[in-house]
Structure formats: C-alpha cells, structure tokens
Amino acid sequence: MATNSAVKAAKSFLNTTGFSPEPTLLEQYVKCLSEDGLVEEAVDVYNALKETGISPSVVTSNAVLLGCLKARKLHLFWELHKGMMESEVDLERIRCLIQALCDGGEVSEGYELLKQGLKQGLDPGHDVYAKLISGFCKIGNYACMSEILHTMIAWNHFPNLYTYNEVIKGLCKNKKHVEAFCIFKSLKEKGYAPDRVVYTTMIHGLCEKGWLGSARKLWFEMIKKGMQPNELTYNVMIHGHLKRGEFVLAGEFYSEMLRKGYKETTVSCNTVISGFCSHGKSDEAFEFFKKMSETGVAPDAITYNALIQGFCKENKVEKGMKVYKELKALGLKPSVVTYAALVRNLKMSDSVETSLNF
DNA sequence: ATAGGGTTAG
C-alpha cells in the first residue's frame, strides 16, 4: 500500500506532466487513492478509466467501494455500484454490499445477501456477521440476530465478547432475559472470560427482570474474579434494588460506592430519587434532592420530572407545582407524562385556577 | 471494529 505522500507525489506528477500511464497503472493508482481515503479522487480516476472504454478489474472496483465505505460516503458507494451491475459479484463485493446495507439501515437486505452468498459457499467472515448482528440488535429483531449468531458459529466464526455483549443486551431489551442469561452462562463454558462490561450488562438485565438474587450472585462472582464494579455497575445494582423496594440493600450499595471513591453524579442521584418516587416516598426523594445542591451535583430534567411525577402520584399538588416552577425557571422542559400528571392533579384538586403557565 | 455497559416514563 502506498503512503499518503507517495499518492500525493503521484497525483502532482500526473497533473503537471500530463503523462498518461498504462491502464493497469491507473488501476493501481485508484486502489492507492481509495486505501488512503482520497475517495473522491479515486472515483474520478475510476470513472475516467471507464470513459476511455476500459473496464476496471473486480479488484479495483472493490477497492473503490471499500474506500467509500470506510469514508462513510454511502451515496458515492451506491452511485458507483450502479455502474458495476454487470460485473461479476465475488466474495469481496458481497462483503462490501452487506456492510453498506447495514450502514444504511437496511439490515434485512444485508441478511438476504448473506444467505444468497452462503448458498454459493461465499462466507464473508467474522466482522460482517458481527455487523449484521449489531444491526439486528439495534432494530430489536431477536429472531434474525439469533439466526446469524448460529450461522456464524456453524461457519466456524466465533463471535467475540463485544458481539456477545450486544447479543445479551439485545435479548434483554427484547424481554428475552432467560435466553440472555443462558448465553451468558454458556460463555463461561465455552472458555470466554466475560469482562466488567459484560457482567454489568447481564446484571442490568437480571435487575430489570427483578432477579436480584442472580444479580447479586454475578456481582460477587465478578469481584471474586478480580473485577471491580465501577460506578455503572453500582448504579445498575442500586437501581435494581430500588425498583424492587429493597431500600436497605440499595442504601448499602450506595454507601459502598461512595466508600470506593466513586462520586455521586446526576445519574446516581436520579436513580435514588426515581426509586423513592416510584414507591410513594416522594418526601424522602425531595430530602435527597435538597442534599444535591449541598454536594454540588446538578439536577437535570430527569431529576425534576421524577420528583414532579412522584408528588403527583401522591396527590401532593402544591409540592409538585413548586418543583414544576423550579424546573421552568431553569429553562428545563417537563415531559409529556409529567405534564399530564400535573394536569390530572390540578383537575382533581380545588386549585383549578393555578395555571401551568406555559 | 482493541469498539461495548447505567438513570425518568408507560
């Protein structure tokens, strides 16, 4: 591969001398330009080549396509590809096309192409499968995600931890906690070593489901393996316990977090405040909220929305309105749910005259 | 592609 400076030298040489090299050399040049990220110029030379009646090799065409992908120029990619329709589709072309489809959000089309290629024995390799899997994770298509996971293993490509983390996260998001936990457990049997991120993802999933016992088991397991929970792991655990009304345990995790040197953040405070509010403890939430200003942790829209909703749920309209005014004064916005809760509360109370003052 | 994990609400 040419260095960038070599490409520049070649470019200026061609421009200043008007020298027209052999087509094969020009193809080489196109390849270098593409690999160096000079995609627009690569495309120009590529098109110039075609205009002189020469059809560039598959290798050259693929190199330009890959260049467009790496430079995230999808328009250029598809425009070029239109002009390549008659040329042969090889493995590299399939790899490029699937990646372009994934980047453009057309994961299902990418998957179709994968299946077509595999029928002909064209296996695009680990990274392409991984890209399809994360694409399907993003759109919440559990079935396809799982299919591809099995396919890639069948083709002897073993997903890395990153991919497994996405799979576990995707499964949890799609309420497939049992499957997610199975995959997590099978990881260890297969010889993978889940790291702190994967542990945190799984603990989060278990907490969401309310399976605190399993969550705690993993918590101690990761510590035993020498991994220290960080502020994210702590927050996941605190949130999980608060959600289930386990205030004492949540408090223990919270103070341990501080003892370990993790500072309180807006997020950790929001977790506590929303935890109190969802269990009819809005006054305790408010006490906690007041302490935030003392410790210098800035509240945000989430803090205020949680508090207002908490007060509304307990029909404490006056308190809710007070917090609402504070939110407005800070230039923050109430969420639709918060606003609806306030309106409902105001209608129920006698203070119908109290304006929400938009 | 040596990347990736958390908080409101329903």
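Cβ atoms are placed via backbone N, Cα and C, with glycine included.
Automatic prediction, not curation, is the source of TrEMBL annotations.
Using a Cβ-Cβ cut-off under 8 Å and counting only residues 6 or more beyond its ends in the same chain, the repeat 'PPR' (A:90-124) has close neighbours at 58-59, 61-62, 65-66, 68-69, 72, 74, 77-78, 81, 131-132, 135-136, 138-139, 141, 144, 148, 151, 155, 157. The repeat 'PPR' annotation in TrEMBL covers A:90-124 (among others).
As a whole-number mean, the pLDDT of the repeat 'PPR' (A:160-194) in this prediction is 92. Annotated repeat 'PPR' per TrEMBL: A:160-194 (among others), in sequence order.
Secondary structure by DSSP for the repeat 'PPR' (A:195-229): 27 helix, 0 strand, 8 coil. Taken from TrEMBL, the feature repeat 'PPR' applies to A:195-229 (among others).
Sequence annotations record features per position, and here TrEMBL assigns repeat 'PPR' to A:230-264 (among others). Residues 196, 199-200, 203-204, 206-208, 210, 212, 215-216, 219, 222, 271-272, 274-276, 278-279, 292, 295, 297 of the same chain lie 6+ residues outside the repeat 'PPR' (A:230-264) yet bring a C-beta within less than 8 angstroms of a C-beta in it.
The residues of the repeat 'PPR' (A:265-299), classed with DSSP into helix (H, G, I), strand (E, B) and coil, number 26 helix, 0 strand, 9 coil. According to TrEMBL, the repeat 'PPR' annotation covers A:265-299 (among others).
With DSSP classes pooled into helix, strand and coil, the tally for the repeat 'PPR' (A:300-334) is 26 helix, 0 strand, 9 coil. Per TrEMBL, the feature repeat 'PPR' maps to A:300-334 (among others).
Long-range contacts of the repeat 'PPR' (A:300-334) within the same chain: residues 266, 269-270, 273-274, 276-278, 280-282, 285-286, 289, 292, 341-342, 344-346, 348-349, 351, 354, 356-357, each at least 6 residues beyond the stretch ends and with a Cβ under 8 Å from a Cβ of the stretch.
With a cut-off of 8 Å between Cβ atoms, the residues of this chain six or more beyond the repeat 'PPR' (A:265-299) that come close are 231, 234-235, 238-239, 242-243, 245, 247, 250, 254, 257, 306-307, 309-311, 313-314, 316, 319, 323.
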